[in-house]
Ligand SMILES: [Mg+2]
């Protein structure tokens, strides 16, 4: 029994395909062993247990200062439905499949208890770096935002150098904001890096930069759907694939994607609440090959989370189930209704 993202040839069942069942790499035993396959919950089921939250953030990230999310409960725990507000329903339905997997099927068997995670440094001034790094105790890897609009390469170099003084392994994330020429110039200026994430927007540009530099290249925004990683691999566009649970349709879908990829994988969050984060940590804990710190430390970016955040201890977070606290920062009635309507539309697309 496999729960995977629906594909074109199997729109009827968000719970898997016969192809998945033939491939031993993508088949995961339910826990407990003899649990019956869960039935697809209705939209009313999901809304009945749901909460829509509005989480204030410490620093703007991705242009967002308040993160809205919907969480709901099922027999296996809590799931999150939180596609960014500008995403359309066709894309958002995949995120809903991931939330339903978490709440109704639960996590795959873990292979480790802890997952190393990176500190995340937004596009702040170099002088503010130490305060941010202090939120990630024991981090040995930091991801630094670069190529922010309105800033210069000198700002990026200063920020990266400030981080390198505090953390041994530094990776940067340009979120696709450089041209090929700008990326090559910046990579030369930034010095020793673990990798550069999404230096440019397109897969072809990533491949061009990768041919021109020796610093490893990671693909993030180029991987949004389950079919994208193989396209990135075929184009020789990246050394590392950044995979996220929700956009790929769930923990098992992420594991299936990673199993097919001829490159290192880093599991990352998409500004998830602690509920979504638990699925990311669980997916990372179940990956047979994990060699790099994951981007699952973003809980420190919220002033308040829906549950005890995944606190980093000695540079790692511990795998655990999450249930929300009683006093949630709830969204307004109007925003709650917007999320209910969105869930109903995405649910209708998901069940065909
Ligand atoms: Mg990224």
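Residue 1 is the first one shown; counting continues down the chain.
Backbone N, Cα and C define each Cβ position, glycine as well.
Its Cβ taken as reference, residue 145 (active site, proton donor) is surrounded by 22 other Cβ atoms within 10 Å in the chains shown. Summarising the annotation, TrEMBL assigns active site, proton donor to 145.
Annotated active site, proton acceptor per TrEMBL: 244, in sequence order. DSSP assigns residue 244 (active site, proton acceptor) to a strand segment in the three-state reduction. In the shown protein chains, 24 other C-beta atoms lie within 10 A of the C-beta of residue 244 (active site, proton acceptor).
The 10 Å shell around the Cβ of residue 197 (Mg(2+) binding site) contains 28 further Cβ atoms across the protein chains shown. Feature annotation from TrEMBL assigns Mg(2+) binding site to 173, 197, 220.
Annotated compositional bias 'Basic and acidic residues' per TrEMBL: 18-34, in sequence order.
Here TrEMBL flags 123-216 as domain 'Mandelate racemase/muconate lactonizing enzyme C-terminal'.
Annotation comment: TrEMBL describes 1-43 as region 'Disordered'.
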Residues among the recorded positions 145, 173, 197, 220, 244 that border ligand 1 - Cβ under 6 angstroms, in sequence order: 173, 197, 220
Same-chain residues at least 6 apart in sequence whose Cβ lies under 8 Å from residue 220 (Mg(2+) binding site): 173, 175, 197, 198, 242, 268
Non-site residues, in chain order, whose CB comes within 8 A of the mean position of the CB atoms of 173, 197, 220 at Mg(2+): 143, 171, 172, 174, 175, 196, 198, 218, 219, 221, 242
Neighbour tally for residue 173 (Mg(2+) binding site), based on other Cβ positions within 10 Å of its Cβ: 25
Within the predicted model, mean pLDDT of the domain 'Mandelate racemase/muconate lactonizing enzyme C-terminal' (123-216): 97
